[in-house]
């Protein structure tokens, strides 16, 4: 009996592991969607810029400059911008491969597996929900500062103060109303809300250009002198801490990927919009940080209204009104970006069965998940009503950094994994295999090309994810495994070693003794060794509209920077994050793993893979295309394979 129990337990555990690691196969036309594909590259670019340029410019810059990095805030923004750009490039490649709602969640589901996809999706929900709440809270605080505390004083006189550590001093009713109004704007429809976002973003960019010009016009280099603490008063640690917080300012770029299921041409629009928006926003943040700390010493910055008070200090009072207009526009577009992306992520997870089914219900009129949007708006409004801005920003950053880490790692894993046989070699977009694909293509007027195509497919299947010939001496160490398995293992080891190295350096800061140097050397050698082993394997040659350059170096650098910023976050932030993840894991193991659409069996998946004009997610055919083509190659050319067994002359001779 004990042996039977062990077998049953082993079977159950193996079944759970299989479910957690099952990947979502793509079938059919990926551009087919119930959502409204109406967004142009211009719309998506301004969506990304609007989502990123808001509270970061008008609120976060002053907070980081005064409390964390001083004038070196520009370096904090530069480091956070580089980190975000590396992650953005990884997002852009996935956006061309998988033009679906859900952003990093959808990418992870296809490339790594269901469990990690749920972890990513759950963190994206946290990112967008807290992002919307924090921007609403920042907008309310900004308006309150311009009105000299009239809003907070009136609210406190009615409700009194909240004395809990995690909560704000008073319930922010204005922030609650701002979230509700933004949700109503988005409920009108995608194209209408895009027009509103475009207008507000353009106006905000004009105001930011004015701020930069006036900031350098009134610049005083003595504000960076030793009299005021110098350029880097908090040292390197202050720059790193500031970068971890400044990362909040760039998190909006993944709203570009979240919009890919509503883009007219996602394979072109997503990478173009990503690169343009990151460039504009990164340069803007750095220049605004420089202008602010050149106008006034960092010790005199008002964290509640940094730019208006700075213009008052240089006697440019008229400029603070223009800044107020830009702040309102910028924070509105950031809020719209967060509340635009949040329902799309919930919709994608619900459509896959990992969250409750009603979250994927679509409105026939506006073609948006209305019930989803209502829940998102109310949840964000309640968070904005009760919680403090600084704690919200830190809490959001950790989930975002984890999502970026896994997406960057997924790019490496997918690049060294043999492509599915149904994947289109030109664009990397999986196509549903038609019955005609299984037969002779010579009927289409291209005879004699199949043997070469099949040979190239066979060669690719044998080389991608395997050691290159010049590194065959590594075969005893990493050989004997399925293609891509060694690379996946190295990615996991690389990520863990990077996290341990970052944590060790943070704990052993300023202690250069032998026991601190030896672990650094060992971990560094492990990291370098993992990168070398990955480099020694053959990459997939699939052509895409956009591919991350210098793989695995750039995605690996993204992983290292993201992990470093995560380690520099507050320990209480990690504790709150652990609580959030515990709730998510309970939801997955009690509901998601049992209701996943991938758990309905092959028959159910195939029945949904293609029906009439509708295409969607499907399952892999048991007999792969590559296997059938290899079999045909072994039998001879395609023309020979199509010859009739008995020719017409032989039939004529047999006739009486």
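Keep in mind that glycine also has a Cβ here, set from the backbone N, Cα and C atoms.
Feature annotation from TrEMBL assigns transmembrane segment to 44-65, 71-92, 173-190, 202-219, 231-253, 274-298, 318-340, 370-389, 482-501, 513-536, 548-567, 573-591 (among others). Under the heading region 'Disordered', TrEMBL lists 424-455. The annotation compositional bias 'Polar residues' is assigned in TrEMBL to 442-455. Residues annotated as domain 'Cationic amino acid transporter C-terminal' in TrEMBL: 546-596.
By the Cβ criterion (distance under 8 Å, sequence gap of 6 or more), the transmembrane segment (370-389) is not counted as touching the transmembrane segment (548-567), fewer than 3 such pairs being found. If you look at the transmembrane segment (71-92) against the transmembrane segment (573-591), you find fewer than three C-beta pairs under 8 angstroms, all six or more positions apart, and that falls short of contact. Within the same chain, residues 79-80, 82-83, 86-87, 89-90, 92-93, 240, 243-244, 247, 397-398, 401-402, 404-405, 408-409, 411-412, 415, 494-495, 498-499, 502-503, 506, 531, 534-535, 539 sit at least 6 positions outside the transmembrane segment (548-567) and bring their C-beta atoms closer than 8 Å to a C-beta of that stretch. Beyond the transmembrane segment (482-501), the same-chain residues lying 6 or more positions past its ends with a Cβ under 8 Å from any Cβ of the stretch are 405, 409, 412-413, 416-418, 461, 464-466, 519-520, 523-524, 526-527, 530-531, 533-534, 537, 556, 559-560, 563-564, 566-567.
Recorded stretches compared: 44-65, 173-190, 318-340, 513-536; the one with the most Cβ pairs under 8 Å to the transmembrane segment (202-219) is 318-340. For the domain 'Cationic amino acid transporter C-terminal' (546-596), the number of residues in each DSSP class (helix H, G, I; strand E, B; coil) is 40 helix, 0 strand, 11 coil. The transmembrane segment (274-298) shares the most Cβ pairs under 8 Å with 231-253, out of the stretches 173-190, 231-253, 513-536. Per-residue confidence over the domain 'Cationic amino acid transporter C-terminal' (546-596) averages 87 (mean pLDDT, predicted model).
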